[in-house]
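Quick look at what TrEMBL lists:
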COMPBIAS  268-302  compositional bias 'Basic and acidic residues'
COMPBIAS  304-313  compositional bias 'Acidic residues'
REGION    268-321  region 'Disordered'
TRANSMEM  12-29  transmembrane segment
TRANSMEM  41-65  transmembrane segment
TRANSMEM  89-109  transmembrane segment
TRANSMEM  118-138  transmembrane segment
TRANSMEM  144-166  transmembrane segment
TRANSMEM  178-201  transmembrane segment
TRANSMEM  221-242  transmembrane segment
Amino acid sequence: MVSHAEETVSLIIGFMYTIAWSLSFYPQAIENWQRKRVDGLSFEFLGFNLTGFTCYTVFNCVLFWSKYVKNEYFEEHPGSPSPVRVNDVVFAIHALILTLIQIIQCIIYPKGKQTWHWIAKVITGIMWVSIPIAIIVASSSKAVTWLDFLNFLGYIKLTLTIFKYIPQAWMNYKRKSTVGWSIENIILDFTGGALSILQMIMDSWAKHDWSLFELGNLPKVALGMLSISFDILFMIQHYCLYTKRCDDRVITLWGIITRKHKFDKQEKGKSDMEIAHDEKQALLNSEKKDEVNGSEKSRSSSESESDPSEDLENITNQNQD
């Protein structure tokens, strides 16, 4: 029997990871808005996120509100704690909304030379085509339950989570930069993943039932572990590998961004790498100009200076005359 204190602690941890994961979507959206550009953000990442969080929202909402599906779950896992809590539902809906906002930003803001790769389009298309097929099978076959259908949606989310981080990590590697990709997003995502796993450990320990880590809620367990793994990779890229920041922004932990100077209208459509190249070229030109000015000044000063012995000789000649 789970005590009231254990239930309360689990609920608090659940809302803590919900807040951390929910806040993780804001730094990127704020960064896009402040920069008025979305270069540096992988479009494949957002495309996979949209499909994945649509499936994850359906998974959580149905498993939380549908008594029919809940009964199917408890028949398969008697005595197991509920796999979905209210904080899971809140997070899924909120994440879907923020993903849609970021996609809108990608439509209205300059995106440089970025495109949505055809491989990502094929993968996303396969996922969307498979969903109505799964619905038909679940509604017409007694061997496949609606719980199986929800688990299928969870596996789609899990699969897309594996795929969605790879394009962003590859983009950072090719650019040798993490400019345009919010590190605050990663820090908060890492916190949420760790707290999510901690909540499931506490629930399983209180119930003396570790089925959550077997098949009871595999999508939730795997999502937490995958988030932590890729977040560590992104932090290594940001803090260890690609530490040079060719950008004009100062970013705080919560994504509050201040601009040192505003870009000209012509520069707003440029990518970070193009702007960095222009700034480097301007710096080299400035240094060359300083060198030329310095040499001219030294030449003029040396010409203006005269030998003291010549001056004395001139004065003596004038006196003799």
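Heads up, residue numbers simply count up from 1 along the chain you see.
Just so it is clear, glycine is given a Cβ too, placed from its N, Cα and C backbone atoms.
Unlike curated records, TrEMBL annotations are generated automatically.
The recorded stretches the transmembrane segment (144-166) and the transmembrane segment (118-138) share 3+ CB pairs below 8 A when only pairs 6 or more apart in sequence are counted, and are therefore in contact. Scored by C-beta pairs under 8 angstroms, the transmembrane segment (118-138) has its highest count with 41-65, from the stretches 12-29, 41-65, 89-109, 178-201.
Across 12-29, 89-109, 178-201, stretch 89-109 shows the highest tally of CB pairs under 8 A with the transmembrane segment (41-65). Panel annotation: around the transmembrane segment (12-29), residues 41, 85, 87-88, 90-91, 94-95, 98-99, 101-102, 105, 181-182, 184-189, 191-196, 198-199, 202, 251, 254-255 of the same chain, lying at least six beyond its termini, place a Cβ under 8 Å from a Cβ of the stretch.
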